[in-house]
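Undergrad: I have a structure here, written as structure tokens, and I will follow up with some questions on it.
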Amino acid sequence: MANTTGEPEEVSGALSPPSAVAYVKLVLLGLIMCVSLAGNAILSLLVLKDRALHKAPYYFLLDLCLADGIRSAVCFPFVLASVRHGSSWTFSALSCKIVAFMAVLFCFHAAFMLFCISVTRYMAIAHHRFYAKRMTLWTCAAVICMAWTLSVAMAFPPVFDVGTYKFIREEDQCIFEHRYFKANDTLGFMLMLAVLMAATHAVYGKLLLFEYRHRKMKPVQMVPAISQNWTFHGPGATGQAAANWIAGFGRGPMPPTLLGIRQNGHAASRRLLGMDEVKGEKQLGRMFYAITLLFLLLWSPYIVACYWRVFVKACAVPHRYLATAVWMSFAQAAVNPIVCFLLNKDLKKCLRTHAPCWGTGGAPAPREPYCVM
């Protein structure tokens, strides 16, 4: 057996039955794996299958779902095996580095991706015309590739022992070995993760401030129409005089309201943001912020434990706190589908369409034509 903690241990051929704590860990992690794999698979299939979801926000959501699903399928089985073998690593040192690399890769990928999503949410509300014109499929692909490239750049150096990947017995996983900061190589990685999370929430704070400033509407000021020959033109005109003139009831010259009836081609081509689109963008913003907030809440205890190891040398992290923090970070891989189906009406509608038996009363029956008498 290869144990990368530096303390070789031997595992007997017959496995001892797991303790109550290990049994709880196995059950919880197994449940997290099932929910993550099923939820992310369903959400990914919906985004791929339904044309109504072929939009930039859902492409980013698809990338997050695929990353969480791969993390659950690749990394979590090794954690289950280590718990089953009494918090021991029974595989090679190379496999430990590979699993640790993938775990850190998916963590940083989620952080980078959530930051990019927060920027696109701000652009969708504050600069919608630019967003609608520039946020194409290829732009989304470029953003996703950039997030993966930055994640690889953050997770790859420890493979060459720049910040060491080792099996941490207290965490039952292969991950960064966080030591005291005077002999530590991982402080920079933790600072980068903290800066990313802070920057993401700063962008959402700016978006909230923008919406608050633009939610106040000016009161309607009634401007009287101007008329010298009963044509009634000007800012307060309703166009009724022009309609009367067209119908043959007008007298005198053509009303000024008809002189500018031909619109400017550039102004006509400018796309305005309707109320339905505003509500849709705000709904997507709330959903992605809920995902970001849960990412922060579920990873914060583990990040606090990492900083504790780096800056506090005299006192070790309590074992129960560390175990809870690690399993909370595992649970983050399963929460995204739940949040999306709870907060997104479009995803609920698509789910009912493709799985009518899950909806209330099945698929809606086609309406018969009728006439109002």
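Any Cβ shown, glycine's included, is placed from N, Cα and C.
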Undergrad: If you check the topology given in Swiss-Prot, are A132 and H319 found on the same side of the membrane?
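TA: Taking the topological domain names from Swiss-Prot at face value, A132 sits across the membrane from H319.
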Undergrad: With reference to Swiss-Prot, specify which of the listed residues C34, C145, C174, C306 is paired with C96 by a disulfide.
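TA: So the cysteine paired with C96 in Swiss-Prot is C174.
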Undergrad: State which of the following disulfide-bonded residues has the fewest other Cβ atoms within 10 Å around its Cβ: C96, C174.
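TA: Each of the disulfide-bonded residues C96, C174 was scored; lowest Cβ tally within 10 Å is C96.
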Undergrad: Assess whether the transmembrane segment (323-343) lies in contact with the transmembrane segment (140-160), where contact requires at least three Cβ pairs under 8 Å among residues 6 or more apart in sequence.
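TA: Touching, no - the transmembrane segment (323-343) and the transmembrane segment (140-160) miss the threshold of 3 or more Cβ pairs under 8 Å.
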Undergrad: Give the nonlocal contacts of the transmembrane segment (27-47) in its own chain as ranges (CB under 8 Å, at least six residues past its ends).
TA: 53-54, 58-59, 61-62, 65-66, 68-69, 71-73, 76-77, 79-80, 83, 327, 330-331, 333-334, 336-338, 340-341, 347, 350-351, 354
Undergrad: What stretch of 60-80, 98-118, 189-209 shows the most Cβ pairs under 8 Å to the transmembrane segment (140-160)?
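TA: By Cβ pairs under 8 Å, 98-118 leads among 60-80, 98-118, 189-209.
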